[in-house]
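Participant: Per Swiss-Prot, the features are:
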- 42: active site, proton acceptor (ACT_SITE)
- 257: active site, proton acceptor (ACT_SITE)
- 136, 305: substrate binding site (BINDING)
- 42: N6-(pyridoxal phosphate)lysine (MOD_RES)
- 373-397: region 'Disordered' (REGION)
């Protein structure tokens, strides 16, 4: 018999859904009416919760979602019956039955998948990925030119041709123009197929990079391009963690693993219930501050698995007693700032925190007509009837 212990939550990641809606609308306004805004919700919506974030975006008017794999796509389809769902990976030539039976759109990444689409036995909508300088996925420009000469695209034309910028976050990098020009070659060849070159970073590069659609992920979640001086996006997350204990430490004493910090005065320190288990980067030790009401307190010593230690010597005791919550992310210190302090991308920092912390959603508005139209039918609500269960890929290999 297992003993169940009810415990208070020590770490809370607050997610402002109104801010996500506002960011979607802001980007839609920025790119203009002629450019579609699709939402990237891969990796559990960057750790913020796939279904909850998808519901928010559908409510904001989004009608196309991109996910990483079929597992995520099937989870979405079991909740939303009508929204278009595109899958970046999981090959159509191996899993075509799953795509067709659940109305999913494959992103075709090589010639083998392309030909599998053509021999599917029934029309299959698909997006075509072209490699323009990232060296990750996609058909080369030469591959596409060859298939064009073979009239492949006359028999089964892609709905959208897409690519991905390697250096979009650096506005002046010449790679951006090189990739845009390569993409333009394929885009012009395959007209009237629509084109999508830019993800979040490319939104800020100007209209010549927008084509017919932008695929926005990190920008929706408040991560801004470091190359853009003004940030019009709303911050989406706040991170709070509970103070578990307060201690007095003499001058000259070591703090934490490795004795990487020693007090230079008689100090008061607080042990905060957040560590790298929760996604706080180990590398941000001794580099960040937490907020305690109107006061700030520096992180000292290494980040451990469950805890971090902060110096509260200059903070009044009434502001930092055990049980008090310290604020690690806010409008003043964002996930961009945390990533910079830790030497990781803000996308990595956010995804780790989202996976490791208890989430609390703010501003859950009533669903709009757009969301209501996407409510699953009875069959879609029942995974056994809709067959929208997590994929057993091993059985198909």
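Placed from the backbone N, Cα and C atoms, the Cβ positions cover glycine too.
In the displayed structure, how are the listed features positioned relative to their neighbours?
Facilitator: Note: residue 42 (active site, proton acceptor) has non-local neighbours 66, 67, 68, 72, 88, 217, i.e. same-chain residues 6+ apart with C-beta under 8 A of its own C-beta.
Annotation note: residue 257 (active site, proton acceptor) sits in a helical segment as assigned by DSSP. Cβ-based neighbour count (10 Å, all protein chains) for residue 257 (active site, proton acceptor) stands at 12.
Under the DSSP three-state reduction, residue 136 (substrate binding site) is assigned to coil, being neither helix nor strand. In sequence order, 164 are the residues of the chain that are 6 or more apart from residue 136 (substrate binding site) and have a CB within less than 8 Å of its CB.
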Participant: Any same-chain residues 6+ apart from residue 305 (substrate binding site) with CB under 8 Å of its CB? Would you list them in sequence order, or say none?
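Facilitator: Once residues fewer than 6 apart are set aside, residue 305 (substrate binding site) is near 275, 276, 277.
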Participant: Return one of helix, strand or coil for residue 42 (active site, proton acceptor), based on DSSP.
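Facilitator: SS state of residue 42 (active site, proton acceptor) = helix.
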